[in-house]
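Engineer: Pasting the feature list from TrEMBL:
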- 1-24: region 'Disordered' (REGION)
- 317-432: domain '1,3-beta-glucan synthase component FKS1-like' (DOMAIN)
- 482-500: transmembrane segment (TRANSMEM)
- 512-529: transmembrane segment (TRANSMEM)
- 597-618: transmembrane segment (TRANSMEM)
- 662-684: transmembrane segment (TRANSMEM)
- 707-725: transmembrane segment (TRANSMEM)
- 731-750: transmembrane segment (TRANSMEM)
- 1643-1665: transmembrane segment (TRANSMEM)
- 1720-1737: transmembrane segment (TRANSMEM)
- 1749-1769: transmembrane segment (TRANSMEM)
- 1790-1810: transmembrane segment (TRANSMEM)
- 1816-1834: transmembrane segment (TRANSMEM)
- 1854-1874: transmembrane segment (TRANSMEM)
Amino acid sequence: MASSSGTRNDEVEGGRPRRTYTRLPTYLEQNDADRNVADSELVPSSLASIAPTLRVANEIENDNPGIAFHCRFRAFERAHRMDPSSTGRGVRQFKTYLLRKLERDEEQGRGPETDPRKVLRYYKSYYEQNIEEGQYTKRPEEMAKMCQVATVLYDVIKAMLPSHRIDPEIHRYAEEVEKKREQYEHYNILPLYAAGIKPAVMELPEINAAHRALQNVVNLPSIRLPENKYKSVNDILEWLYLVFGFQKGNVANQREHLILLLANMDIRDRVDDHYEQLADNSVQRLLDKIFKNYESWCKYLHCTSNLVFPHGSNKQQLQLLYIGLYLLIWGEASNIRFMPECLCYIFHKMANELQGILFDDTHTVTGDAYQLASRSEEHFLQEVITPLYDVLRKEVRRNRTGKASHSVWRNYDDLNEYFWSGKCFKLGWPMDKNSHFFVHSDDKQPENVSGGHHVGARKRKPKTNFVEVRTFWHLYRSFDRLWIFFILALQAMIIVAWHGDGSLAGIFDADVIRSVLSIFITAAVLNFLRATLDIVLSLRAWRSLKCNQIFRYLLKFAVAAFWVVVMPVAYSRSVENPTGLVRFFSNLGGSWLYQSLYNYCVAIYLIPNILAAVLFLVPYLRRTLERSNSYVIILLMWWAQPKLYVGRGMHEDVFSLLKYTFFWIMLVISKLAFSYYVEILPLVEPTKVIMDLRVGNYEWHEFFPHGNYNIGVVIAIWAPIILVYLMDTQIWYAIFYTIIGGIYGVFSHLGEIRTLGMLRSRFEAIPSAFIDCLVPSSEEEIKQRKQETSLDRKSVSKFSQVWNEFILSMRMEDLITNRERDLLLVPYVASDISVIQWPPFLLASKIPIALDMAKDYKGKDDIDLFNKIASDDFMRSAVTECYQTLGYILESLFRESEDKQIITRIREEVDDSMEGGRFLSEFQMSGLPFLNDKLEKLLFLLTTDHEDGELYKSQVINVVQDIVEIITHDIMYKGHEIVSRGPPGNQNERKEQRFENMNFELTGHRGWREKAVRLHLLLTVKESAINVPTNLEARRRITFFANSLFMNMPSAPKVRNMLSFSILTPYYREDVFYSEEELNQENEDGISILFYLQKIYPDEWRNFEERVKDSGWGYTEKDRPELIRQWVSYRGQTLSRTVRGMMYHREALELQCFLDEANENEIFASYRAVVRHESQRKLKRRSQALADLKFTYVVSCQIYGAQKKSSESRDRSCYVNILNLMLTYPSLRVAYIDEVEDTVAGKSVKHYYSVLVKGGNKLDEEIYRIKLPGPPTEIGEGKPENQNHAIIFTRGEALQTIDMNQDNYFEEAFKMRNVLEELLKIHHGQRTPTILGLREHIFTGSVSSLAWFMSNQETSFVTIGQRILANPLRVRFHYGHPDIFDRIFHITRGGISKASKIINLSEDIFAGYNSTLRGGYVTHHEYIQVGKGRDVGMNQISQFEAKVANGNGEQTLSRDVYRLGRGFDFFRMLSFYFTTVGFYLSSMVTVLTVYIFLYGRLYMVLSGLERRILEDPTVRQSKGLEEALATQSVFQLGLLLVLPMVMEIGLERGFRNALGDFIIMQLQLSSVFFTFHLGTKAHYFGRTILHGGSKYRATGRGFVVFHAKFAENYRMYSRSHFVKGLELLILLIVYEVYGKSYRNSTLYLFVTFSMWFVVGSWLFAPFVFNPSGFDWVKTVDDWTDWKRWMGNRGGIAISPDKSWEAWWDGEQEPLKSTNIRGRVIEIILALRFFIYQYGIVYHLDISHGSTSFLVYGLSWFVMATVLLALKMVSVGRRKFGTDFQLMFRILKALLFLGFVSVMTVLFVVCGLSIRDLFAAILAFAPTGWAILLIAQAIRPCLKGIGFWDSVMELARAYECIMGLVLFAPVAVLSWFPFVSEFQTRLLFNQAFSRGLQISMILAGRKERALST
């Protein structure tokens, strides 16, 4: 789904980007904390080169302030020299600040160093200590920084002294520094040329082999530099850089990129760890993958591929040249990356040029010999990319920020598809800038230019292959087979129902079959409509089509027209022929002379369908034919398929086809059966009766009183039924996908472990499942494990390492307490314990129970007691472990050997007695409770800290002596013999008592202490541990992780052999960390975010407090504010939460590498202890190296550079927080678009760069800088452009897209290498997946009831919904994040999203469309999950729903949906339709059905037809209509969305919980919520298709703890809900008042109730779900705010939230930019409001029953009089209201008197009644609204004649009335306090269950006694 992490659409006006900041900081306002940052980080972009000098000044200031002063002064000099007149933006302010800074330093005694010798000595000392010695001891990044410092210092020295006065040694040092700077540049992952200490990643053989392969430049031609020198090159990419003129930053970036790709591919199949050369097949595999699209493109265009490998050439070197060339093109292509075939063309030409260079060929165009001279660095950018970018930019300006029609400008797809035809080769190479492609229609044509290729340059360029026209006809054109099928089925069912009794057996009747065959006439008409639409909707693209494509359109049109004529004629001639079913089939084999002409026509007509059915059953053949580029096959397929590069051969294998075909056959049968028996058949008989009735008199003026068959009534009855028929497939889909999705979920093992009880019962199997799934194993190890019944110690230890890290991560996240952590940890395998040591929470109460069993045991036989204990594996394990651990602890405590021997003898006695079956006879069980008490006391003393050491020791000694005494005297019958036994003579020599000399130092030993803690837990933990952990989120994560181990997932490879991957997160200006001010800032109720979260997450807050106060964590009081900021930020939807979660991948990889590489002794030890140990540094470095090799995380912070220089506090905060994230996570990378302002010839020129930075020492360090042809975000949608500019900095073969409102978990990161293996899995022998869909967990569900509704809805979509889409329906695409892409597949096919303005608003799903169209394969996997946040407030959710509905509206118009709808087979097309745009159309049809039903009934009631029909004795009461409408009533109530929720909750948490949640949701008015958003979907989807107006909507992701004003709700929902709700309200009132039908029909009451429910939901849901919506004080404030807003006048730059006029004008934006068709449709739709006046005036008492048209005419006279009076008041107020107040009052008085006089006459003379007054309101109010709507549609005309102000005043009056109608119920309910309390409970009930006392929050009774 669309994210907010992108540039907002309103950032562009008139084709020019707004400035991201208005001014640079006022530096003098910087506080002390920012001054150092301000110096170096806030340098204006035009002075960027002085930033390093200022950084050095800050770096050395503490060490030598005098030299730092010189550095700053040098920076000031350079700044002044670069811009002496200070014309650059911010330069004057910066120079002023720097000068003041220098003056201030000098005043404070930190002036310049005056002695040059000291400067020289400092430089010399710095060089010798840091650079000369550091090159052998420092890391490359440290050396890079030191070289920079030395360079700046030398620059200062040169400024202070003339060259001849500088010591030659200093010059030599400077030269050495300059050489080293080239070696020690800041690097990303690989410091390829750094000397000295290198990262461990550079020691990997695969890296060195890949690097060595790139360095093979043997036999490459030398390159001549401009100064006629020949330059030697280091590697292949540097050679390409010189030959083609790429940028250095691009070359460095792609060099690392290519090395990592080669290394990762090469190592995957290696067995040997030591090698020097790349395997040939590694380069070949990479070449094949990168150039698969290029080779396909060449075959499609029938041109020869330029991937040529002449005999005798170095094939690997040539392969690397081609790969390197493509990557360099791609890396510098900027926005052109969205045009993959354009890149193919560029590569094709440049590869041809490369061949000429390498093989001494001549240029194919000019015939000249290739000249191997180097080109300037930006040659490729300027000559190739910039011209293409300029074409894009000119086209985008036509878009007019989304106001222009899609059909008048060419988007990315149009320009890319230009390269799908051979015409692209006319561009030549170098590309001809005067060619037709580059000449824009808006450019001025030179007067003196002549030539054929310039003819028509002023004509607007046509669209390419497809035109996005705003019309609903796209739905028919794209899914014509669906509509044809359902329309024909409807026709056939009506025919069958109409004949006879409606039984299906009637189909065997001759007349019936003959009538049914008429459906082919309808089919011909519908096909003709499709052919017509193909022509009409593609007219603007005809000039770009080939002749054969145009001929195909025309021929299809002609053939369709032929059948439209022939079919009816043939049918009419066949009426006389007998066509009974038996006769029909018997005659098929007879002579053709006796066959009906119509039958022959049908047979011929069906031939293409029969062929299509045959090919459908053989998908491999169809796929082969469609993908073939053979001219013969193309000719054969010409009729069936247009010649397009994409969308060919999208057919699944036979097994997949059978699955989704069976799904849809069953669904369609159910749907048609239901439609026939419930919707159609019950209406047939009443319809026949109605058509036979004759109505003589009407209750209004009927224009066609003698019309036959009562057609109006028939339409009124059947129209809503037909709409329901066309819509209810969506209902059946919801039912079927719920059932099938549930079945698939069960077979996927979902929910098998969903409670702690289930976890405990299956925990013994978890280590085995863990080893099988998550630990790499050879085939021998797998076979061995299958033969063994128990796990070996090494496997258990591996499990414990991961499990314990998982538990510790949850403790760090404050999900569990310290005690729960200890109960959940699994001990690392100990050699002195003979059983598996399970976590203590499994062993809770096992020891106490065993003690009770032993104490109460009355038998004499040991075996019975031991069998009782052994029957519970956990109890046996606990008893054994306690016995052995106790022996170890006691033995180790004693220093004296005699004391140790006594413990040994006791253990020997116990062991011997157990082996001999004498245990119960030699030991007394009654003493065990006493022993247990003493042991608990001892262990408590040993595991706690004590201040008084002597007292502590004496207590321990006493307890130990007591224990030994209890054992020897109370438990052992012969224990005294053991104590008395000992070495002779020792007893008298001992001066101290036995068991007194103890080793107390052991209590400080970590391992020993952990044993004591665990033993204490085993002895003391009671039943309470069964509920560990208590936190619901911790439970969910543990149970899901355990359950996932039993699901089907690929085996894990070793880290070194796994696929490498990157994560990319787009970010704009969202929250990174919450500031202290934001945390403590109170809202109007006195509630802060911190307080709010403390109440929502009370247990996590307590855990946090415990962690902060625990001395073991090492926190101080100073750390507390920062820790609180983190705690709150990690519970919001912040970037910091996302980054923390994604960096778990690196931690998991390092742990996995440790488990792969460590030896047995290291495995048995604690992972954390091992990696901290000095001797294991090599293992840690290797783990980090492999993590670097496999994982990269890039956050694309689009405006990071602007935020760095901004003066706004929020931007500064974002910059600082992002910087802190980079410093906290060294492997995190941040990409941003840097805007650099330069002055050229006195004019300001802006340059744009893609920049990658990482965290340095204290600041960021730039790694790569790549110049762009222009501002990238000006061309397309913000988020995809943000992703696109940063994607070049990602690495690896897979790419995961993560939004910045997502989270990850450590235990899930451990499964990443498993899920990546899915990319290598071949499905059904066809292809590997290109997109892996992952499951999401919505973590925002506990905030409020709305958040819970949204969470459940989203959860069902991302689980059961995605599950069924992927399998069996095979129509899963890309629905936002966190999907994993096959990176190489997608970067060579247009990227991971589409970016064209407006049309690709939902950019994510288009990536899935594009992948599928290009032969991709999308899967979904549920054994791994990623966290995701959702909107939590009503207005946030509404904006999100509006955004998605807008996006679906735009999708409807897109070429992708058209091609998928046409390219899929019939059943897959059904899946595609009903899971994408069809769902939104069904939502709109649902709303439309209500309107048509009510307007149809309004027509029947007001005309009197309904009364006449029902009073006719031949008509019986029928429920057919209501029965049919009952189906859509279910849809209205939102029950469709609940079904999948219930199924998924039932699967994963049990159906009892699912039922409980369902009931609670209904009590919390979830149906109101879903019904309300049904209106949101319908409104925005329909408006988008009609008028456009789609735009990015920033939903906001904060915590909703505020009350939305009434005016705000009105602005947001007025047009989408309130107006429609009031219209339905009036319809229902009129129908209720004037209609008397169906009073006794229960089913009708249900249907009507659903409509009243819709009205109530649409009108009042925003107030019901608004916090404090019924608080009286808030209500009064809202009324004041509403009046102020309504009264404020509009004007220039007045925002809509300040003035009603500004808002009203903004609401008409879509109408302003719509075309004439849109305006006409609006006018036609507005005409429906006139029916009220027309019908009601004939029912007024004053009309006296007259049906003359004059009555209606007089009503318009009344309407005109009222409008005239209002106009007079309006004009009077403007003209006389100020200067002639008396005149204005007289005017109003006259009008009032006139009104009273007229009303008196009407009442007395004409018979006007009070009832008529109310009826008149119902009649004339809709008429006035219709006038308003029509006036808005013809706004330009009314403005021209000066009537617009009157329209605005009328609109203001209507808005005031609507506001009052809505506000009155809210105000009344606000009087009653219990309503507000009920609403509070309603909104926050879910949080109540988590301990939230929301009543205290909203009442503002905040607990101030918070601990500090």
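Cβ coordinates come from backbone N, Cα and C, glycine included.
TrEMBL labels come from automatic prediction, so no person has curated them.
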Engineer: Run through the domain '1,3-beta-glucan synthase component FKS1-like' (317-432) and tell me, per DSSP, how many residues are helix, strand and coil.
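Structural biologist: Its residues fall into 79 helix, 3 strand, 34 coil.
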Engineer: Would you mind giving the whole-number mean pLDDT across the domain '1,3-beta-glucan synthase component FKS1-like' (317-432)?
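Structural biologist: A mean pLDDT of 89 is what the predicted model shows over the domain '1,3-beta-glucan synthase component FKS1-like' (317-432).
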Engineer: Could you give the residue numbers and ranges of same-chain residues that sit at least 6 residues beyond the transmembrane segment (707-725) on either side and whose C-beta is under 8 angstroms from one of its C-beta atoms?
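Structural biologist: For the transmembrane segment (707-725), the nonlocal Cβ contacts are 486, 490, 675, 679-680, 683, 686-687, 690-691, 693, 695, 1485, 1488-1489, 1492-1493, 1495-1497, 1499-1500, 1503, 1505-1506, 1509, 1521, 1524-1525, 1527-1528.
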Engineer: Excluding the flanking five residues on each side, which residues at least 6 beyond the ends of the transmembrane segment (482-500) place their CB within less than 8 Å of a CB in that stretch?
Structural biologist: 476, 506-507, 509, 511-512, 515-516, 518-519, 522-523, 526-527, 672, 675-676, 680-681, 684, 688, 722, 725-726, 729, 1466, 1469-1470, 1473
Engineer: So are the transmembrane segment (1749-1769) and the transmembrane segment (1816-1834) touching or not, going by 3+ C-beta pairs under 8 A with a sequence gap of 6 or more?
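Structural biologist: Contact between the transmembrane segment (1749-1769) and the transmembrane segment (1816-1834): present.
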Engineer: Most CB pairs under 8 Å with the transmembrane segment (1816-1834): which of 512-529, 597-618, 731-750, 1790-1810, 1854-1874?
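Structural biologist: It is 1854-1874, which has the most Cβ pairs under 8 Å.
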